[in-house]
Amino acid sequence: MIPQPLAWTLVTVSLWTAGSSQILLQEPIKVHYPAIASHEIIECDCVNISCDSVYWFRSSPQVQFLGKCNNADRVNYGLNVDETKFKFSKRGSMFVLRVMNVNTEDTGTYSCVLKDRNGKEIWKPGSLLRPGVTPPTSPPKTKPKPPVKSVCHCNKRNPSQAVGVCGSMVLWPLVGLTVGLGLALICTLYYFNRE
């Protein structure tokens, strides 16, 4: 299932870039929990294609085109986008979006669309930015219990000796149980035969 803000991003961007080959990658959305007033880096990796440019979008709840960056680090910002807030660059095989001085208004899903020289586009699901939110904690790891060792001191290498040793380990508790039941029966009969 695709989250609603991401779905609107996909519909809007596909209308803007109609006519080119498009691929939507099925990757999980990464969740970032930056501190307020910190800087956050969101990466868009060019895997298996030679990327020419990247388009960055934010959906929160409306879709906003943030800007475009190409291999030569030429940047074009979208309308009404604060150029001091968002910085685009390329590092090796990945494009990077830096969100400066993060605050709660920056909450949203940040997605990228990679484009190669032939016009083929790869849509990345993006990252969910949740500034000032405490990340969930994972449950503590439990250590597996060690296996219970057998208390039978039987010699498994020599089965003929094992019968005598292990047989007595079963026989004597049964003898004790039988004697106890016999004693209980004798006491019960004596109690009811009194005059």
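From the backbone N, Cα and C atoms, a Cβ is placed for every residue, glycine too.
Whatever TrEMBL says is automated annotation, not expert-curated.
If you look up TrEMBL, you'll see 133-147 marked as compositional bias 'Pro residues'. Beyond its flanks by at least six residues, the compositional bias 'Pro residues' (133-147) meets 31, 33 of its own chain at Cβ-Cβ distances under 8 Å.
Summarising the annotation, TrEMBL assigns domain 'Ig-like' to 42-123.
Positions annotated as region 'Disordered' by TrEMBL: 129-149.
Annotation comment: TrEMBL describes 1-21 as signal peptide.
Across the region 'Disordered' (129-149), the DSSP tally of helix, strand and coil residues reads 0 helix, 1 strand, 20 coil. Regional average pLDDT for the domain 'Ig-like' (42-123) in the model is 91.
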